[in-house]
Amino acid sequence: MKALIILGFLFLSVAVQGKVFERCELARTLKKLGLDGYKGVSLANWLCLTKWESSYNTKATNYNPGSESTDYGIFQINSKWWCNDGKTPNAVDGCHVSCSELMENDIAKAVACAKQIVSEQGITAWVAWKSHCRDHDVSSYVEGCTL
């Protein structure tokens, strides 16, 4: 009986954690979904951004008390401007997507929204990119990956 309970908690923790991509796995996925070079942003920059935003975790969330909004998913897309979580006051929902969809293991919708954000605001829309990737050598993020 104890073994079943422990097994149940293990499955629950995996479901709550979501998918944590390996670096090269994410590089291949982002390339397949068309982010490599999209709007002039290299694949290495996208990997740097997602490393610092979410540690490559699809279920990452971060609440922002000042704006009463939450950042969701592997790109940490904000509910005030880009997705609908049903609880953020005066939300815009610029990507016309549910925030929960941005946390799916299949990151196609998250990538589509990231493309919209970078098209409208550039890569500088992400604070983590400005802090950790801009003006840095980001080539190590794709180093050793078979693309």
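Heads up, residue numbers simply count up from 1 along the chain you see.
Using the three backbone atoms N, Cα and C, a Cβ is placed for every residue, glycine included.
Note that this is a predicted model, so its numbers are computed, not measured.
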Cysteine paired with Cys113, where Swiss-Prot records a disulfide bond, from Cys95, Cys133: Cys95
Disulfide-linked residue for Cys133, taking Swiss-Prot as the record, within Cys48, Cys83: Cys48
Neighbour tally for Cys95 (disulfide bond), based on other Cβ positions within 10 Å of its Cβ: 22
Fewest other C-beta atoms within 10 angstroms, as judged across Cys24, Cys48, which are the disulfide-bonded residues: Cys24
Entry from the disulfide-bonded residues list Cys83, Cys99, Cys113, Cys145 having the most other CB atoms no farther than 10 A: Cys83
Proximal residue to Glu53 (active site) among disulfide-bonded residues Cys113, Cys133, Cys145 (C-alpha distance): Cys133
